[in-house]
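S.K.: Below are the structure tokens for one structure; questions will follow.
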Ligand code: ADP
């Protein structure tokens, strides 16, 4: 750690003895050492006579060899001097300077600040400006801005921009909130804890337990107390034993369990003011000053009402003698934070609610099973799915399972939908389909708001002209989900952490927030607005304003709806392009198999056919092209590829450089007008190779686009590659089983080796989802020091465990993290150093990680991306083509954009040319440099290392940060 150039002294002025002491402790904590006055020169800027100071202390942070570090002088003026200091000038000298500390280990700084409950904000810059996502620290200039106990700005940065005396401008970015006061009785800088109550309410949703776990553990590790309120609002109204203090171990094992372990209920009395009065009284009596509610729109509406009424409720409780003024005084303000737990995904302020994706998993499993019996008997099935007034589950299930027709409330069918539906199904049957699946959302309506019910649809299918053997299946409560999928565990965990942050950051003036997720980023917006927006959807539907209802859904909803139609309907004349614009599109898979490859191919084939193009399968990648192993694909050929994992086209790692000339010859011979390459890093590399060879081989001057599909999620240009979600779920399933085995053996640590190449994505995200004790990833490496720290931690944890309790623990090790510390070596070290307190085993997950059936998220992403790729190919081949203008000659293109990778960044679909992506590519390690997920690693540590992190890691981290100096 070193300090900025040109500043050798800074004087900080405290206004009282408490601030003075806190300030010294704060800077000691940051590594400044208190020194005696004789050892230092007097600061040049100290104009006031020494006699003015009641107290004075010097602290020094030692810099590198070139510069001599910096001295802080902290002073407490006496009464006379205080008066002479003009208001507002009391904090810093030299003028306007703030303290900027350069450190390579900002992650360490961040976690140390967090564990000491010091409010901070993080900003990351690239050449293009402020980045809103969270890329890895190494890639960009990042600043962590905080304030010391005197409210002076302090900035930690990893890459300072060159500047002279005036130090970095930090103030506009910082909230005006000073660092929390320090509790004198606790180890350095411990904030005075809040009491945070958490309840789950309304319909249960998978992932609620993960949220409770995260809230309890983060609350404890940040010096607060956590209280579980059982049975939702019922527990709040009744009080007594329904409100219980929770410790770290109370939430052990919560991650893998569906529903909610602290119970939920529909509470009538909370709907009445008298019930809320009892709830308020119970909160105050239990000393709870912050409440986190995880539930659906009803529960959050209730929370919002409680927030609004709070001052009145407290007043009434004082008046009716249930609380004394003294009792009520500290609770004038109640902090409420909302988390959306609902399988329906019906809150417009968040893209996904906790539980919706798991529910989708269960629906897809059920429909996949029904599809096989439907095919066997050539039957039709009408399947009703949950979702209340929201069609998200129904639409996503229809997309993921390739249903023939879907009914959702937001987009009612046309007036004569009965005929239209029968017509679509008839055409599908004529093409040779043996099964028919119709999915109906429970809130489905027609344009006149009349409900559309499965039994009515069944009647239509039984009758002429279709005369199908039809069954109705209502999936019912299986859709509540059970064991949460990886996505829900992580979403709930991250949002739980954010909820605690929101509690700690809230002031009486901040509106109660609702934590959501938008474009893959966690958001916090006023609960009031979120509740209002939800009610607007119902209102829009009741007013038949379906356009507005659609707009209020997440940004992908409409996109996915269009993709579904484009890949399901056949022979729709409107979709066809003129004959001369029809293209021969080659589709191939490259690299290792990954979930979503088949679904992307299916969607591309279907949409291409609907446009009049000729989709051609190239089997076995570039080898197949050389061997002319190709075939045109029909609508029916790909029909049952909706759930299949792996690669139906066959795949290998061969890139076109095996024989570029021959590849060019075959492309020309087969008259390919475009190439769609689906695969991992090799696929991306192949697009680049073909593009680079365009000068030599004009056959490559065609649109070439890559859909990233690899479990490792290492391809530049996208946040998610297809297959990564399927793989995460496969790892989570295996790890749950391993953890169960480890727990049954009482004291066993499993070292689980996961794939990912040089990219730690899988290890970190699955580590978060299974509650791993540690994850070892190539981005950080693993050293003896890490292993030692983890062994010590494990000894402590096993030492702390109650007698007779069983707990298995997992360490996830990426396959490439170290040549020396192999999975076996690590397991042996752990066992040996465990000295009999615990043993260890290894598990190499291997190819299991490719998963079986593709996960719903991979299927949905695949379809959305494939449809956009066909659209991209058309636009590249016919640059003048637009929805209104379909004329223009086909061009042979060698523009940069015509060789691109499609990606999902946030919630947006983005095409990036392979030339542009070079900047983002770590060629040596074959991965993207933009590791947006890296900060989740700290969460894995935070959620498994309490006790250790609190007492030791905080200082260790910080001193490590100091060790890894950057010298400027
Ligand atoms: P969800 O939260 O899943 O939408 P509900 O609509 O059943 O489920 O709401 C759960 C609970 O939230 C209700 O039982 C009730 O206690 C409380 N609640 C819902 N709406 C309100 C309201 N308007 N006022 C006060 N409390 C409410």
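If you go along the chain as it appears here, the first residue is 1 and each next one adds 1.
From the backbone N, Cα and C atoms, a Cβ is placed for every residue, glycine too.
Unlike curated records, TrEMBL annotations are generated automatically.
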S.K.: Write down the one residue from 197, 203, 207, 355 that TrEMBL lists together with 266, 267, 296, 297, 298, 299 as binding ATP.
M.R.: 203
S.K.: Under 6 Å from ligand 1 by Cβ, which binding-site residues from 748, 841, 850?
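M.R.: So the answer is none.
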S.K.: Quick check: of the binding-site residues listed here (296, 298, 711), which one has the Cα closest to that of residue 344 (substrate binding site)?
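M.R.: For residue 344 (substrate binding site), the closest Cα among 296, 298, 711 is found at 296.
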S.K.: Within 10 Å of residue 297 (ATP binding site), Cα to Cα, which of the binding-site residues 386, 388, 480, 711, 713, 848 are there?
M.R.: none
S.K.: In this structure, which of the binding-site residues 342, 850 has the fewest other Cβ atoms within 10 Å of its Cβ?
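M.R.: Lowest Cβ count within 10 Å among the binding-site residues (342, 850) is 850.
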S.K.: Other than its close neighbours in sequence, what residues sit by the region 'Interdomain linker' (570-583), given a CB gap under 8 Å and a spacing of at least six beyond its ends?
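M.R.: Residues 424, 427-428, 431, 608-614, 635, 673-674, 873-874, 877-878, 881, 886, 890.
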S.K.: Give me the Cα-Cα distance between residue 478 (substrate binding site) and residue 748 (beta-D-fructose 2,6-bisphosphate binding site), rounded to a whole Å.
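M.R.: That separation, Cα to Cα, works out to 33 Å.
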S.K.: Please count the residues of the region 'Interdomain linker' (570-583) that DSSP assigns to helix (H, G, I), strand (E, B) and coil.
M.R.: 6 helix, 0 strand, 8 coil
S.K.: Given the binding-site residues 471, 480, 653, 748, state which is nearest to residue 203 (ATP binding site) when distance is taken between Cα atoms.
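M.R.: In terms of Cα distance, residue 203 (ATP binding site) lies closest to 480.
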S.K.: Calculate the distance in Å between the alpha carbons (Cα) of residue 748 (beta-D-fructose 2,6-bisphosphate binding site) and residue 299 (ATP binding site), and round it to a whole number.
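M.R.: The Cα atom of residue 748 (beta-D-fructose 2,6-bisphosphate binding site) is 40 Å away from the Cα atom of residue 299 (ATP binding site).
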S.K.: Over the residue list 203, 266, 267, 296, 297, 298, 299, recorded for ATP, what is the maximum interresidue Cα distance in Å?
M.R.: 14
S.K.: Using the alpha carbons only, what distance in Å do you get between residue 296 (ATP binding site) and residue 480 (substrate binding site) once rounded?
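M.R.: Distance between the two Cα atoms comes out at 13 Å.
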